Amino acid sequence: MASEITYAEVRIKNESNSSVTYSGSPAAPREKPTRHLSKPGSLLVPFTSLMVLLLLLAITFLVAFIIYFQKYSQFLEEKKAIKGITHKELNCIKNVLLMEEKSWSCCPKNWKPFGSHCYWVTKHTSTYSKASWSESEKNCFSMGAHLLVIHSKEEQDFITGILNRDAAYFIGLWDSGHRQWQWVSQTPYNASATFWHKGEPSSDDEKCVIINHLNSGWGWNDIPCSGKQQSVCQMKKIQL
């Protein structure tokens, strides 16, 4: 009897070989991140602004320091001037010049103001009545002044307007030798701005100068320094 052979078809499903279906386009390759580098010009703008700001601050500080220094220096000058004042009373005039830093110009009481100076004339009844030229200069110096110095006709006319015609007054002009005239203030002697009487100066032995009135009017005359005369003192106005 012939044996029967049964054949069976066996299919083994290999999942590893199973097909995979993708939908859509293939995935694009991943891009590398890019670094955003700042341009040099973008950094220059804030740096320049910072430098300008620092410069403005420096200038402001410098200006403030200069103003403070000027004010402080002015304060020290005023303090020194007030400390050096030997006069108890002052007559002051308010300055009207807009550019004038100090607002008051002062002269001691009983002194006459003219221009930028104050003038004091000795009287017969005053403490400093009549004295030699050197004594007169010392008297003026003790009051913070010196003997009169004249550099213009306007000043000469002002002085003669407050003097007594019957008196003579020493001024701060003297002969240092060989007709070398000098002012006590050390300002230059200008021969073209002098007011000598006619024929004066007349003697090498007369080395000091007075201002007096003759028939021809007011003028200068040289006399011996030891003679006793009245005098005129002069000082700069006190600025407050």
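Glycine is no exception: its Cβ is also placed from the backbone N, Cα and C atoms.
These numbers come from a predicted model, not from an experiment.
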Candidates Cys208, Cys233 - disulfide partner of Cys225 as recorded in Swiss-Prot: Cys208
Matching range for Swiss-Prot feature annotation, motif 'ITIM motif', among 5-10, 59-64, 191-196, 209-214: 5-10
Chain-mates of Ile211, Asn212, His213 with C-beta within 8 Å of site centroid, N-acetyl-D-glucosamine: Thr160, Leu163, Arg165, Ala167, Ala168, Tyr169, Ile210, Leu214, Trp218, Gly219, Trp220, Asn221
Fewest other Cβ within 10 angstroms of its own Cβ, chosen from the recorded positions Asn190, Asn212: Asn190
Top Cα neighbour of Glu200 (Ca(2+) 2 binding site) in the set of recorded positions Cys107, Val149, Glu155, Cys225, Cys233: Cys225
